[in-house]
C-alpha cells in the first residue's frame, strides 16, 4: 500500500495569505510531484473561492479573529476555538501530513497549534515586519519560521527563523522581466483582494476633478465587488483613460503595464511591486498592531516607496504624491532600484526546499 505524501497549508482570509500559500504548494509539487497539498481554511475567507479554482482540495474549520476591539466578536471567536481545535485534530488524523505550514489568517492558528501539540512537523510563514499575535505565539511551538522582513525576527521565538522573502505567484514571477516602456503614465490601483472603499473614493474623486495631473494619465483600478457598480459608473465621466475592474485575475499583465501603484500595505502587494520594480504609494489599513504601516515604513526608510496614512488620504494629497514622482524621473529611477532590493527571487522554492529537506 502506497502511503500518501500529504502536506497541509493552513490559513487564508485574504489574497495576501492565500496566493503565497498557493505559490508554496506549486513549488512543493514541482520539487516532488508525488506530494498532495491540502488547504485548510474557513467558510468566511476568500479561500473558499480561490483554492478550488486553483485545483487544490480545501477543508473548512471554525475559527475567528481574536485581535478585535469588539468584546462580542472576541467572545464569538473564543467559543469557536475549541470547535476549531477538535476539527483540526480530526482532520490531522485523516490526512496524517508530513508537514503543516501556517500562512496566516483565521484557520492558521488553531490548525498549526493542534498539529504542533500532536507532534507533526510544523512551520509558520510571517509576511509582515511586525508579526501578528497568532504567529508570535505559534513561533514558540513550530519547527521553523519563515519571514519576509528581517525586522520580524526579533519578535519571534524559536531556533530556526529564516528570511525567505515573499512567495510570489509563478505566473507573476515568470513575467517579471517582460516590463515595457510606456507612452502614457500608468497608474494601477487596488485595495487588496477585497477592495478598499477609501482608496476607491479618493482616487475616483481625484480623477474626476480633472486638472493637469490627468494629462496623459491612464488608470487601471481594481474596485472589489462592493464598490464596483457605483464607482465604475462614476468613471464613465472620467477626463482620462480609466479601466475599472471588480477583480483582476491576471495581475502580472498590469504589473508589467504600471509605472506606479496605489495600494494597501500588505506584504504580498509590496513583494509583487518589488518583483516588478514598481514604486508603491501605500495607504496602510489601520489595525490594532498597525502591521501594514510598519511594512510601509520599512520601504519609506529605504526610499523605496511613499506612504499616506488613511486619516491623511485626500484627493489633493494623492495627486501631490503622484505628481512629485511623475515630475522627477531621476527620483523614480532611484526608487525603482531601491524597491527591487526588497525582492528575493524564488522565495516559494526556498521555503519548499526547507520543508522537504
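Numbering starts at 1 and runs along the chain as displayed.
Backbone N, Cα and C define each Cβ position, glycine as well.
The annotation UDP-N-acetyl-alpha-D-glucosamine binding site is assigned in Swiss-Prot to 14, 15, 16, 128, 169, 193, 248, 292.
Neighbour counts were taken as the number of other C-beta atoms within 10 angstroms of each residue's C-beta; across the binding-site residues 14, 128, 292, the minimum falls on 14. The binding-site residues examined here are 15, 16; by Cβ neighbour count within 10 Å, the least packed of them is 15. Around the Cβ of residue 169 (UDP-N-acetyl-alpha-D-glucosamine binding site), the number of neighbouring Cβ atoms within 10 Å comes to 21.
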